[in-house]
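Scroll down for the structure; my scribbles are underneath it.
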Amino acid sequence: PEPPPPLLSVDVTGLVSQFARSFVLIFPVYVLGYLGLSFSWVLIALCGLFWIRRHRGGKTSRLGRALAFLEDEEEAVRLSVSSADLPAWVHFPDTERAEWLNKTVKQMWPFICQFIEKLFRETIEPAVRGANNHLSTFSFTKIDIGHQPLRINGVKVYTENVDKRQIILDLQISFVGNCEIDLEIKRYFCRAGVKSIQIHGTMRVILEPLIGDMPLIGALSLFFLRKPLLEINWTGLTNLLDVPGLNGLSDTIILDIISNYLVLPNRITVPLVSEVQIAQLRFPIPKGVLRIHFIEAQDLEGKDTYLKGIVKGKSDPYGIIRVGNQIFQSKVIKENLNPKWNEVYEALVYEHPGQELEIELFDEDPDKDDFLGSLMIDLIEVEKERLLDEWFTLDEVSKGKLHLKLEWLTLMPTAENLDKVLTSIRADKDQANDGLSSALLILYLDSARNLPSGKKINSNPNPLVLLSVGHKAQESKIRYKTNEPVWEENFTFFVHNPKRQDLEVEVRDEQHQCSLGNFKLPLSQLLESEDLTLHQRFHLSNSGPNSTINMKIALRVLSLEKQARSPDHQHSAQVKRPTLSKDARKSSFKPQVPVSPAPDSNKTVPASPGTDSDKKTDTAEKSQPPNASPQWPTDLSRSSSSLHASNFSYSPSHLSVKEPTPSIASDISLPIATQELRQRLRQLENGTTLGQSPLGQIQLTIRHSSQRNKLIVVVHSCRNLIAFSEEGSDPYVRMYLLPDKRRSGRRKTHVSKKTLNPVFDQIFDFSVSLPEVQRRTLDVAVKNSGGFLSKDKGLLGKVLIPLASEELAKGWTQW
């Protein structure tokens with residue numbers, strides 16, 4: 001018999017999938033029609049989808065080009081790859097090729113991948129699981145670093161201006177990998193991952209100390225001189241991070257994490273010999289401090305135009321200064337081709353071979369800032385000369401000069417010259433905690449023992465350490481679920497007057513926001529120690545009976561040792577010419593200083609210095625160093641300023657909102673405010689100013705409520721403020737309870753429009769106990785709002801109120 005005809009086969013899964021795709025495409029159109037909305041929403045969605053696909057295609061294309069370049073470098077050069085992609089040995093004659101090293105890395109790559117996978121599974125995965133209960137099911141499902149090994153494009157070995165017991169190498173590294181790193185959180189059915197990574201940067205390798213026995217090298221130190229360039233392609237749920245706008249943010253966050261471990265002054269140290277004192281290698285002392293007087297410029301290009309370019313105007317210049325990973329941004333001078341900034345910054349120099357002072361000038365515009373010139377100065381020359389006060393011609397532009405005064409400050413381990421230094425910066429006559437620095441405090445936070453439990457008994461805390469000198473504060477990393485944490489972190493503080501300032505250390509439980517212990521160390525105690533250094537375990541107060549913290553603390557006096565020169569000696573600092581094009585330099589260098597605190601604020605992020613001042617401050621206090629501006633009378637040239645350490649992170653992306661790095665020698669750039677301030681200072685000099693307050697006054701009521709366990713602050717009103725524009729000011733009051741300067745700790749009043757005598761009558765509170773609040777300071781600033789997208793924003797005045805008063809429980813009202 002003939003076989004029966006075959007039954008009709010239907011691919012049910014494919015049919016359902018096709019129906020679902022059709023439904024997803026058609027349903028939004030139906031909803032738009034049902035709701036009576038415009039068809040433009042469909043066009044906007046299609047444009048957004050097209051933009052995302054184009055952006056991801058661009059990243060894939062760049063990855064492909066980089067892979068092709070690594071596979072056949074000679075062919076890539078022959079096909080005229082852009083100069084920004086060429087290896088370092090093409091640009092720099094003292095940088096050598098290292099093909100033998102690349103072949104070695106290629107042979108070792110499978111074993112390096114095994115080590116990385118072991119690191120992810122045995123170290124990172126348990127740490128993530130223990131960080132939060134919601135992440136208890138976190139795991140890596142796949143870890144494949146890829147077959148393409150790390151490549152070293154060039155090696156530079158330093159033979160001059162280095163210690164004879166060390167070897168310094170700079171490796172130009174590139175990693176372009178089709179890696180696959182997948183993770184999931186089973187509890188929430190969440191999957192994510194990374195499918196490719198690009199990273200390019202200069203890694204410094206220091207072999208020290210050299211010893212007379214095998215293996216001849218005592219230890220190995222690794223770090224990046226500056227943040228490397230990073231690009232990541234995401235998969236799974238994290239694919240949302242590839243959306244334009246989020247991709248730059250995600251890469252910046254990851255770069256900040258890398259900086260906390262691998263960017264100078266942070267480093268990884270690997271001991272090769274047991275006898276080497278690893279603590280000494282992890283306690284790097286800077287080679288020196290560079291004090292930068294950013295004075296003025298002349299004959300800059302006019303970039304602003306009117307009537308579609310027919311009429312040429314002036315520029316709104318500002319400067320970006322970089323020393324290694326430390327970024328400073330000056331204030332903006334409006335409509336001036338010969339701006340005068342008169343600002344001062346201080347920067348730590350850890351590795352002067354390979355580090356330069358880099359300056360770029362820009363014209364501020366609402367959309368994209370125009371380039372006005374750049375400058376690069378070799379720090380080795382500055383160290384040799386100690387003091388340079390010169391005009392420098394700007395590079396990459398047709399005209400323009402920049403006036404800088406550079407001082408190389410040596411770190412002295414003795415206090416012999418301290419009184420002389422204090423006199424030179426006028427720190428011996430005031431009680432200020434801020435101003436030009438006379439010393440540098442270097443601190444190595446090692447570990448703690450026998451910490452008490454948090455609020456819950458028999459539960460291990462999540463300890464972190466809050467360090468503060470005056471109003472400058474820094475925080476350590478958090479160590480989870482332990483009462484014997486090990487941090488091994490370095491911190492630096494610029495100190496105005498070590499004879500009068502203290503180091504305050506508080507161990508806190510991050511999980512329950514409570515104190516685990518504290519202690520205070522007067523810096524004058526370091527002045528009496530050998531080599532101005534203490535290395536010991538300190539007992540914590542208000543803690544367990546045996547709670548201690550192990551720290552190494554060193555004080556170094558900043559001394560300007562002027563070189564003896566003959567009268568006919570002439571020298572000009574060596575100016576390095578840029579090796580990349582202007583566009584390439586702008587894309588790789590132009591940083592974005594994050595929104596920094598208002599002038600005179602002192603919150604510090606790990607360890608890079610900046611200066612802070614504003615001439616719109618209380619001159620009558622006479623608490624600060626002199627201002628170098630020649631436009632001011634000598635006896636009135638003091639400014640209430642603060643010199644604080646800040647590690648300004650940056651990203652290549654350009655944000656429209658910029659705020660200057662506070663300087664110790666700033667002056668007011670708005671003509672109206674400048675004129676009024678000078679008039680008030682003249683009245684103060686003649687003794688005709690009411691209440692000796694040229695910037696005005698603010699009325700506050702401050703008391704502590706023991707029942708509510710809160711600090712209550714009532715902002716009543718202000719009077720006699722400075723007019724920020726012809727129509728007056730739009731003032732509001734901003735408060736922090738120092739050293740806490742987190743966004744959640746900020747308090748703000750409403751904005752009063754066009755008035756110099758605003759009335760607020762608003763009540764604010766801070767959750768803090770009475771013993772703790774007496775160790776804190778209330779930071780009160782009156783600012784001008786200026787409205788949305790207005791440039792008339794700035795500080796009108798500021799006051800720091802110590803709360804160490806016995807009458808705080810009763811309260812007081814005061815102007």
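Keep in mind that glycine also has a Cβ here, set from the backbone N, Cα and C atoms.
Quick look at what TrEMBL annotates:
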- 612-621: compositional bias 'Basic and acidic residues' (COMPBIAS)
- 622-636: compositional bias 'Polar residues' (COMPBIAS)
- 637-651: compositional bias 'Low complexity' (COMPBIAS)
- 94-273: domain 'SMP-LTD' (DOMAIN)
- 272-392: domain 'C2' (DOMAIN)
- 417-542: domain 'C2' (DOMAIN)
- 694-815: domain 'C2' (DOMAIN)
- 563-662: region 'Disordered' (REGION)
- 25-52: transmembrane segment (TRANSMEM)
- 205-225: transmembrane segment (TRANSMEM)
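Only residues 6 or more beyond the boundaries of the transmembrane segment (205-225), in the same chain, are considered here, and those with a CB under 8 A from a CB of the stretch are 163, 165-171, 258, 262-273, 275-276, 278, 281, 324-325, 351, 354-355. When the domain 'C2' (272-392) is classified with DSSP, helix, strand and coil residues number 11 helix, 59 strand, 51 coil. Across the range of the domain 'C2' (417-542), the DSSP-based residue counts are 14 helix, 57 strand, 55 coil. In the predicted model, the domain 'SMP-LTD' (94-273) has a mean pLDDT of 79.
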